[in-house]
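Copied over from TrEMBL:
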type     : residues         : note
ACT_SITE : D204             : active site, proton donor/acceptor
BINDING  : E18, N154, D204  : divalent metal cation binding site
BINDING  : R101, N103, E121 : substrate binding site
DOMAIN   : 16-264           : domain 'SMP-30/Gluconolactonase/LRE-like region'
Amino acid sequence: MSSVKIECVASDRYRLGESPVWDEKEGSLLYVDITGRKVCRWDAASGRVQAVPVDAPVSSVALRKSGDYVITLGTRFAALKWKEQLVTTIAQVDRDKANNRFNDGKVDPAGRYFAGTMAEEIRPAELERHQGSLYTLYPDHSVVQHFDQVDISNGLDWSLDHKTFFYIDSLSYSVDAFDYDLQTGKIGNRRSVYKLEKEESIPDGMCIDTEGKLWVACYNGGRVIRLDPETGKRIQTVKLPVDKTTSCCFGGKDYSEMYVTSASDGMDREWLSRQPQAGGVFKITGLGVKGIPPYPFAG
């Protein structure tokens, strides 16, 4: 594994970089800066970053079958027209919780947009607990709530056979699995497949590779870890030059590159001077595995 190479490709100091998604059509990496309130797109060919500012914390971005993107913005599912920088609301959740916002989100193999909420943080990973829920936005724009009492709704993905849904509620320090019904989008039979070690810190964003193994970004752990959900064992650890690693995805021409977002919120000047790339976006090559293309929202 000595061929693993890590490079900072977008060195803007994002406050809370999240939700990396490869846009094959544009040859670009999409991601958000939640507290910086912008959706960003890094062009792999030129290395340039474009950003669309938005009016609330924006926590995830996904491709849309009809073109452009969908995002989670505040407590809204919304559509984003990139060129026009136009945002339109699709649906709203948690109307009774003024202090809530969406966090991580991802589209399932049938084109439904899954995303969960949490209370706004007082400081990073400090917040009023059990305020969040997990939701699905269906292609017909209806919304289903799966469960509530969530602390920090985070990483999510599906097994290669689409029969298992993987999910992280960060403060449980666990990667969980559910039985998944692709026809209906229903989930059930929750169980833990991996409990994080102390030095791995807080589980954040997650993605799956073509071998069915999960990759989890460890917030405050400065690493991504590769897990086997069948055995519950960690197979590999890749350490990054920043502590606040937030999420990961595969991308590039053949989905053999991994992209990792990070955060700088909550770091003092001394900490930032030790980690000048904090808040940057990283590309990891030489992992020897590939990912799968992201699914677009079908609505």
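Going from the start of the chain as shown, residues are counted 1 onward.
From the backbone N, Cα and C atoms, a Cβ is placed for every residue, glycine too.
The substrate site, placed at the center of the C-beta atoms of R101, N103, E121, has further neighbours from the same chain whose C-beta lies within 8 angstroms: I34, P57, S59, N100, F102, T117, M118, A119, E120, L127, I152. The recorded positions listed here are E18, E121, D204; among them, D204 has the most other Cβ atoms within 10 Å of its own Cβ. Within 8 Å of the centroid of the Cβ atoms of E18, N154, D204, where the record puts divalent metal cation, the same chain has further Cβ atoms from S19, N103, D104, I152, G155, I168, S170, G205, A217, Y219, T246, S247. Averaged across the domain 'SMP-30/Gluconolactonase/LRE-like region' (16-264), the predicted model reaches a pLDDT of 97. Within its own chain, N103 (substrate binding site) has I34, S59, S60, T72, A115, G116, T117, M118, G132, I152, S153, N154 as residues 6 or more apart in sequence whose C-beta sits under 8 angstroms from its own. Compared over the binding-site residues R101, N154, the count of CB atoms lying within 10 A of a residue's CB peaks at N154. On a Cα basis, the residue listed as 'active site, proton donor/acceptor' lies 16 Å away from R101 (substrate binding site).
The two recorded residues E18 (divalent metal cation binding site) and D204 (active site, proton donor/acceptor) have their Cα atoms spaced 9 Å from each other.
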